[in-house]
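> Taken from TrEMBL, the feature transmembrane segment applies to 7-26, 106-125. Per TrEMBL, domain 'AAA+ ATPase' is recorded for 188-327. Annotation source TrEMBL lists ATP binding site at G196, P197, P198, G199, T200, G201, K202, T203. Taken from TrEMBL, the feature Zn(2+) binding site covers H418, H422, D494.
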Amino acid sequence: MKKFSKSIGFYLIIIAVGVLIAQYVIGPNQTQQQLNYSQFIDRVETNKVKKVTIVGQTVVEGTTTTGQQFKIDIPGTIDKIETLLTNNGVQIETKPEPEPPWWTGLFAYLLPTVILIAALMFIMNKMQGGGNKMMSFGKNKAKMHEEDEENQVTFDDVANYEEVKEELTEVVEFLKNPEKFTKVGAEIPKGVLLLGPPGTGKTLMAKAVAGEAGVPFFFISGSDFVEMFVGVGASRVRDLFEQGKKNSPCIIFIDELDAVGRQRGAGVGGGHDEREQTLNQLLVEMDGFEPNEGIILMAATNRPDVLDPALLRPGRFDRQVIVDKPDFRARKGILEIHIKDKPLDDDVDVEVLARRTPGFTGADMENLANEAAILAARRDKEYISMLEFDDAVDRVIAGPKRESKVINEKEKNIVSYHETGHALLGELLEHSDPTHKVTIIPRGRAGGFTINLPEEDKDFITKEELRDKITTLLGGRVAEKIFLEDISTGAQNDLERATKIARSMVTEYGMSEKLGPLTLGQKNNDQVFLGRDISRSRNYSEEVASDIDTEIKHIVESAYERAMDILDHNKEMVEEMVARLKEQETLEKDDIKEIITHYKPDFYDEEDDEEKDKDRTFVAESSSEEDTADKETTVEDSSSEENETAELEAKEETSVADVAEDESKKEE
């Protein structure tokens, strides 16, 4: 199309030149002088006109006595001046008006048509982006990865994830050296699906594959298939795979596959769904591959639950690779990659930062390094210190610091007691994550916050750990009740999270002694999918629903009583921490340990574990009599806590690990 457009432009230039030449040839004689009627009469009467030639009825051409040629257009008819010319002895000749050449008329009709056609072709060429089709709506929008040595991403730029890299490296090896696998009867996998939460590096993995493959790599977004016109999505899928076949061996990567791969039949209207037609064509193209044709389809999504089952079966996506949130070692490696080109102070400890950021994804770690660099630049520093990284962690977790917000003494007092309740319970409870920092400086939407961090990464969480987590969440409300004799709305998020954990314990994890090891109802983290959930009924009776509510209430209330007893037995410790918090605004882990050690010198003594456990469980002993009086509604009374086995077999699903990671990020 581009070559054709260039030839059209060339011909238009030739035509324009021809028009100019024609105008010059058939145009008026440039040596003739154009006279008006008065000048002509004056020259005739003064005998300065020698000869005239009358052309038609309105034009007179002539020559003066000096040889100058002239021309005049006569108003009206020529009869008016014939007598004047005869009386003054002017020679008169006549000739008919010449007719224009035949081709000039044809040219006058064709020129506008040619210009219009050329303009339309130019507009269509711009609309289709230089494609070779009349309309390019059905052409896919996939782009080919171009090798750029400076910005090229390889597996060396991806920290850890060794299992994921091994799977993807093998895919690249399939394309580079297929004989190695075919000689033992292996077939190239047709599809590789990358699964994982947002920000874990699925697209980065695809970029690394593109940098390592050494074969054509096409990438496209799932939302690029469907347009406003019916049939465009299926046409683009066909065109995409045709392009892949012409460039095989190659890799085709579809980002955000859930945009086009959602389960069919999910709509409740029963009408035609353009997205379904696109998905059907994708299924046909994937299943239509010949063995070892040399095309591998890669895709990434963070919503595997909504994908069509036909898309996930072997023969289409043969491999499903999980790209999960990084552990401590992976976080350390990711952070080292993102800070390698940044000027760091000597006090920066990457290992400490990695331990302070459980639950952070790769994108969070990149954002952490960038926020620390921004803070250093804002403070006019040449190097990024540990202070900037600490502030960046708080900024990522809780939001920017609201330094302009003025807090009155009443609110400052409420926030101080509230956060002290969280911080002390997090440190005193045996199975709770230790308190890392507590502050009353407003950040984001929070008036203050407490950070509890696990000592190591967890894949599972026990029942006692969940109970202590609920108790810690209720510590803020309990501290307000005991020391201020009033409560505030600051505990809204704490109550919501505590109730959610309690409901999960009863309905998902089977941790209720009354209801037993059952999973009841839909999981809390399931997404409502129109057409699927609209017809899903509850799988338990109203009586069981009432028991669920009773159990949830009991778990939360028993945790509330535990928090009440612990803080009531440690009033002096609470008051000192509140005073220190009002004065310093932020207390680090060492400050909290110092306060606790002042009142409990042996609390952190590792050699005296029995005394430590006794100190942490004194509440159970003090409240066992009250619990015994209400055995019918008690899931687990305080006396049973002393005899419980230290090692609990936690065989929950992976969603338990998600709770552990999410809840460890912050306490508001």
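Quick reminder: no glycine exception, Cβ is built from N, Cα and C everywhere.
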> Check the domain 'AAA+ ATPase' (188-327) for me and report the mean pLDDT.
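Summarising the domain 'AAA+ ATPase' (188-327) by its mean pLDDT gives 82.
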> With G201 (ATP binding site) as the reference Cα, tell me which of the binding-site residues H418, H422, D494 is the closest one.
D494
> If we check Cα distances from G199 (ATP binding site), which of the binding-site residues H418, H422, D494 wins as closest?
D494
> Measure from the Cα of P198 (ATP binding site) to the Cα of every one of the binding-site residues H418, H422, D494, then give the nearest.
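So, spelling it out, the nearest of the binding-site residues is D494.
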> On a C-alpha basis, identify the one among H418, H422, D494 that is nearest to T203 (ATP binding site); the candidates are the binding-site residues.
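Ranked by Cα distance from T203 (ATP binding site), first place goes to D494.
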> Round to the nearest Å and give the CA-to-CA distance linking H418 (Zn(2+) binding site) with G196 (ATP binding site).
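Pair distance, Cα basis, whole Å: 36 Å.
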> Tell me the coarse DSSP state (helix, strand, coil) of G196 (ATP binding site).
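It is coil.
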> Can you tell which of G196, P197, P198, G199, G201 has the least company, meaning the fewest other C-beta atoms within 10 angstroms of its C-beta, among these binding-site residues?
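Comparing Cβ neighbours within 10 Å for the binding-site residues G196, P197, P198, G199, G201, P198 has the fewest.
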> Taking 10 A as the limit, how many CB atoms besides its own sit near the CB of K202 (ATP binding site)?
24
> For the recorded ATP site, whose residues are G196, P197, P198, G199, T200, G201, K202, T203, find every other residue on that chain with a C-beta no more than 8 angstroms from the centre of their C-beta atoms, and list them by sequence position.
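Other same-chain residues near the ATP site: A300, N302, V323, T361, G362, A363.
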> Across the domain 'AAA+ ATPase' (188-327), what are the DSSP residue counts per state (helix, strand, coil)?
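Counting residues per DSSP class in the domain 'AAA+ ATPase' (188-327), I get 55 helix, 29 strand, 56 coil.
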> Just going by other Cβ atoms within 10 Å, which of the binding-site residues T200, T203 has the emptiest spot?
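Each of the binding-site residues T200, T203 was scored; lowest Cβ tally within 10 Å is T203.
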> I'm trying to understand the geometry here, so how far is the Cα atom of D494 (Zn(2+) binding site) from the Cα atom of P197 (ATP binding site), in Å to the nearest whole number?
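That separation, Cα to Cα, works out to 24 Å.
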